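> Here it is, the structure in full.
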Amino acid sequence: MDGGQRAALVRLDQEVEAPGPAPASGGPGRFLERAAPEGLRFDYATGRTMASHEPKLVCRGVWKIFGAGGKSLIGTASRPTSADLRAAGAVGAVRDVNIEVREGEIFVIMGLSGSGKSTLVRCLSRLIEPTSGDILFNGENLLAASEARMIEIRRHQMGMVFQHFALLPHLTVLANVAFPLEIQGIERAAREERARRMIDLVGLAGKETAFPRELSGGQQQRVGIARSLAVEPELWFLDEPFSALDPLIRREMQDEFLRLQSVLKKTIVFITHDFDEAIRLADRIAIMKDGEIVQAGTPEDLVLNPATPYVAEFTRSVARAKVVKVASLMRPLNGVLPPASIRAAAPIAEAAPLFSAGNEALAVLDGAGKPVGLIDRAAVVDVMMRG
Amino acid sequence: MSASFPFLQPVSEPIPENPSIATARARWLWPAALAAFVLFWQFGDGLAKWAFSYPRAFEIPAARWIGKATKWLLDEASFGLFTFTDLTRFVAQIIDLPYRVALGLLSTGLLSGQGSSAVQQVPPLSWLAVLAIVALIGHHAGGVRLAALVTACFGFLVLFGQWTSAMVTLASIVVAVPIGVVVGLLLGLAAWRWPVFERVLVPVLDLMQTIPVFAYLVPVLVFFGFGPTSAIVATLIYALPPMARVTILAMRSVPSEIRDLGNMVGCSRRQMTWKIMVPSAKDSLMVGVNQVIMLSLNMVIIASMIGAGGLGFDVLAALRRLDIGAGLEAGLAIVALAVALDRLSQAYAEKAGKPAAGIPAGNGFVSRHPYLAAALAIIVVTFIAGLAVPALQSFPEAWQVSTGTFWSEVVRWININFFDALEAIRNVILLNLLVPLKRLLADLPWAGVVALLALAGYRLGGLRLALLVGVLAFLIAATGQWEKATVTVYLCGVSVVFACLIGVPLGILAAERDRLWRWLQLVIDTLQTLPSFVYLMPVVMLFRVGDFTAMIAVVAYAVVPAIRYTVLGLHRVDPRVVEAGRAMGCTPRQILTKIKLKLALPEILLGLNQTIMFALSMLVITALVGTRDLGQEVYIALTKADTGRGIVAGLSIAFIAIIADRLISAGANRIRERVS
Ligand SMILES: Nc1ncnc2c1ncn2[C@@H]1O[C@H](COP(=O)(O)OP(=O)(O)OP(=O)(O)O)[C@@H](O)[C@H]1O
Ligand SMILES: [Mg+2]
């Protein structure tokens, strides 16, 4: 177990020091095929980037220990394990978390129930006071900010969507969405105007005068999303926003979410306990267990190089072919260019049918259509066979 | 990786050193203690006289101290800028002004001049107007059915000639409830926001709810004088704690997500309270409002002892005259008022939970506020009609109905025909049970009882509980209340035993039979809304004053929680466990005794606890029928306005309640631990 933890830490450190592989080095691609229009996010093959590497939110050595004497427990040189903490009558809900959320990316925090996701995200927004650590938002240490400053930041720069929607039952949809603006003291006409636009944006036009309990779960969460967007936040937290919805609606809401993000390009911290959802949405994923980040990286990273058996367990059921990119199996060009070709950013699953015409290899093209390498039938089959 | 496979590790439970010694000691503890107690009781009299009757010389003169403190408060106490008397006067004025307005509207009309020479300038709202407005409110709150119900309730008041008194009572309720709600809400909010304040407030609330009302009637009387203002203050003290409690609870039960939302959108503290917390908790808060209304009505009779007037005074006067008809009618009038206000507030609570119907369009006053406009129209129309036809202003006596003589006849008939039988029952129980028990308890050495109680506390809840129980019991003895306290304990104990003997089997029966339970519920609910004095009257008529009468009244009142909690406990038993029992082949009887009752025991114990609390609160009232216990002591103090005496006796009752409560709760906890 300790070995696994250490491995995760090492990986994490690498992440922090060298953010992302250089585009030309032929490292793993990180574009995920999805409903969003192509090219809106960083695309390895083209080198175009929407997600800059500027860290928007940095979280360093954050601990949250519930129960008595939390602070004294982590003051010591050695890291207390969760068993140590339990023995001391405390719960280590978040333990020494280091993450970096870059501007414009969707950063997914994934973990089973009780792994500390909600606690972590509440530490990030300082809804709960971390026991120790630093949280830098745009370079400003949130933990040192005054209460007035926090109110200021939350009013204008942060938004949050809640698992159980957290709609105010006594207010209409319109008033709920306008609520954050009301708190800011914006006058009625202006705030309702903006709220109406948000309601349009999430596709709830016509429901303005309904009350939360008259809406379906999916509709309620749309209200929650509209409300969190009304203040036009730079940093958007979503705590298991779709977990309370049934699978069909969840899928629909995920598409909706990707559509919104393609327009809005927020920096997003997204919590989920569903690995499929994480894969579908994430630019990068951090996997949590017992309050620790076990591994953080791109979806492909997690699938191909799980740091611990725990991560491997998660990724086992995922069809590799849908996650692994052509680029990551590519070998250098050797002069001969096969007739068939495929984009570097495409998942392996897309390459498979092209071999059926008897090709032994495919040409790999970058975003501009220029050949950058080859991919062999054997390599593809190997990935496909592994599930 | 070994940590993830705990099942591979050898199971090694720590084995206690030598279990037989520990359990053996526990098994012998009680018999030994009891034997020692009995020996001491029988032969200790010569050895330690002080242990049997507390020596006068060492008595704590608490009553005198409190009396002096009261005098000091009244004459000298000052908070710098203002004196204590200024403070009470200020409070009195805050209450007095709205009360006079309400009274003017409902009862006296607009007066000019003072006292008895006052002349009515404008008449009060006529009975017709009040009836119509009440119907309107009912319609607004819950539609036609509710309107019909509340109109019927108020119609009862008109028809049975209770109108004038009822309006006086209503006026004080109308003033007390909003003040109680607002103050309770603010206290609760403060406690929620500042944990330090909560730590102070909660014990005070506990004490306020265990001290019998009579006890604080005395200081209120001393500070505010005889009259409706005093009555409202006492009502507030009684009705306010639940509101504060409900507020704290309601604030706690607002989902943490909603609170997070408030923080996330950047609410200031004030916005957090008034825009997030209070509106989100509106449903639960309305429960508190309902409680305040019901408790205010509970206080109506007691408050009339310090000058409330109205229906309460009528009941009290009837009780003194032993006029059962008049008392019953006034009592039922209170019930009618209670039912109407209860249903109205419940309907509003429900309405608060639902989204408001869209605000009707239109710009005129009438279309925007249809109910308000209708009410104003009613007032104007009935005012004019009242001037033209006096019968519409005040309901003519000739139209009124009275059942007073009927009830008196019924009682007389029963007395004539069944006197011997009733008397025989009374004598048998009195001579064979009550009197010997009373003697026995009075005979026990106080020191031994204190020691036994402390021992029980130690066994059930450790040193802290032992200390608490021991000290409280000792204080009862040390303030010279021991003898009267034994009478209270004996009356309470006998009544509780009877209440449980009746209530628990009834509860067991009802828990299995839905129809029976529905009927029983109706009966219990009615029993609970009846003002407790109403129980007294018929019993007094049949059995005259004395301990037996008190006991019957207490049993009738205290049987309710015994039934309720038994049913609740049995209903809460996990059906899967019952199913498992059936699968194992238990007979229904075994399921009941071996599974259900065992699992429901903690709840039933809680019911016992509540039964004791109910019994104690009723006991104080039975002081009116001539018991010789602490309740009587409080009552005498009240008539003499002797603050010290009243508070000491009241506190003694509270101590008994606290001792019983803590011991039983600790016992229930132990059982619960063992069961789960
Ligand atoms: N206020 C608290 N006091 C004590 N322990 C807490 C508190 N809040 C959370 N915990 C504990 O911290 C751990 C992490 O909880 P958290 O709510 O962050 O989990 P989660 O990953 O969000 O789970 P879920 O998917 O169920 O929402 C849990 O063991 C929980 O019991
Ligand atoms: Mg959570």
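Each residue's number is its place along the chain shown, starting with 1.
For all residues, glycine too, the Cβ spot is worked out from N, Cα and C.
Annotations per TrEMBL:
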TRANSMEM  B:127-160  transmembrane segment
DOMAIN    B:162-345  domain 'ABC transmembrane type-1'
TRANSMEM  B:167-194  transmembrane segment
TRANSMEM  B:214-240  transmembrane segment
TRANSMEM  B:292-312  transmembrane segment
TRANSMEM  B:324-341  transmembrane segment
TRANSMEM  B:371-392  transmembrane segment
TRANSMEM  B:440-458  transmembrane segment
TRANSMEM  B:465-482  transmembrane segment
DOMAIN    B:485-664  domain 'ABC transmembrane type-1'
TRANSMEM  B:488-510  transmembrane segment
TRANSMEM  B:522-542  transmembrane segment
TRANSMEM  B:548-567  transmembrane segment
TRANSMEM  B:604-626  transmembrane segment
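Show me how these features fit into the structure around them.
Within the chain carrying the transmembrane segment (B:127-160), a Cβ under 8 angstroms from the stretch's Cβ atoms is held by residues 106, 166-167, 329, 332-333, 336-337, 339-340, 343-344, 347-348, 350-351, 371, 374-375, 378-379, 382-383, 385-386, 392-395, 399-403, all 6 or more beyond its ends.
Within the chain carrying the transmembrane segment (B:167-194), a Cβ under 8 angstroms from the stretch's Cβ atoms is held by residues 94-95, 98-99, 102-103, 105-107, 124, 130, 201-202, 228, 231-232, 235-236, 239-248, 250-252, 269, 273, 277-278, 285, 288-289, 292-293, 296-297, 300, 303, 308-312, 334, 337, 341, all 6 or more beyond its ends.
Remote same-chain residues near the transmembrane segment (B:292-312) are listed as 162, 165-169, 171-173, 176-177, 180-181, 184, 213-214, 217, 220-221, 226-228, 230-232, 234-235, 238-240, 242-243, 330, 333-334, 337-338, 341-342, 345, 529, 531-533, 621, 638 (criterion: CB distance under 8 Å, separation of at least six residues from the stretch ends).
Under 8 Å from some Cβ of the transmembrane segment (B:324-341) lie the Cβ atoms of residues 134, 149-150, 153-154, 156-157, 160-162, 165-166, 169-170, 173, 293-294, 297, 300-301, 311-312, 314-315, 317-318, 402-408, 411, 529-531, 533-534, 537-538, 541, all in the same chain and six or more residues away from its ends.
Here the transmembrane segment (B:465-482) has long-range neighbours at 53-54, 56, 58-60, 62-63, 446-447, 449-451, 453-458, 630, 633, 648-649, 652, 655-656, 658-659, 662-663, 666, meaning same-chain residues at least 6 beyond its ends whose C-beta is under 8 angstroms from one of its own.
Residues 294, 297-298, 300-301, 315-316, 318-319, 322, 324, 327-328, 331-332, 334-335, 338-339, 342, 411, 414-415, 422, 549, 552-553, 556-557, 559-560, 563-564, 617-618, 621-622, 624-625 of the same chain sit 6 or more residues outside the transmembrane segment (B:522-542) yet have a Cβ under 8 Å from a Cβ within it.
Panel annotation: around the transmembrane segment (B:604-626), residues 210, 212-214, 302, 319, 488, 491-492, 495-496, 499-500, 503-504, 507, 532-533, 535-536, 540, 545-546, 549-550, 553-554, 557-562, 564-566, 568-569, 597, 632, 634-635, 653, 656-657, 660-661, 664-665, 667-668, 671 of the same chain, lying at least six beyond its termini, place a Cβ under 8 Å from a Cβ of the stretch.
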> Give the nonlocal contacts of the transmembrane segment (B:440-458) in its own chain as ranges (CB under 8 Å, at least six residues past its ends).
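Sequence-distant neighbours of the transmembrane segment (B:440-458): 29, 33-34, 37, 40-41, 44, 48, 50-54, 465-470, 473-474, 477, 482-483, 486-487, 489-490, 659, 662-663, 666.
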> Any residues 6+ beyond the ends of the transmembrane segment (B:371-392) with a Cβ under 8 Å from its own?
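Long-range Cβ neighbours of the transmembrane segment (B:371-392): 123, 125-129, 132-133, 136-137, 139-140, 365, 399.
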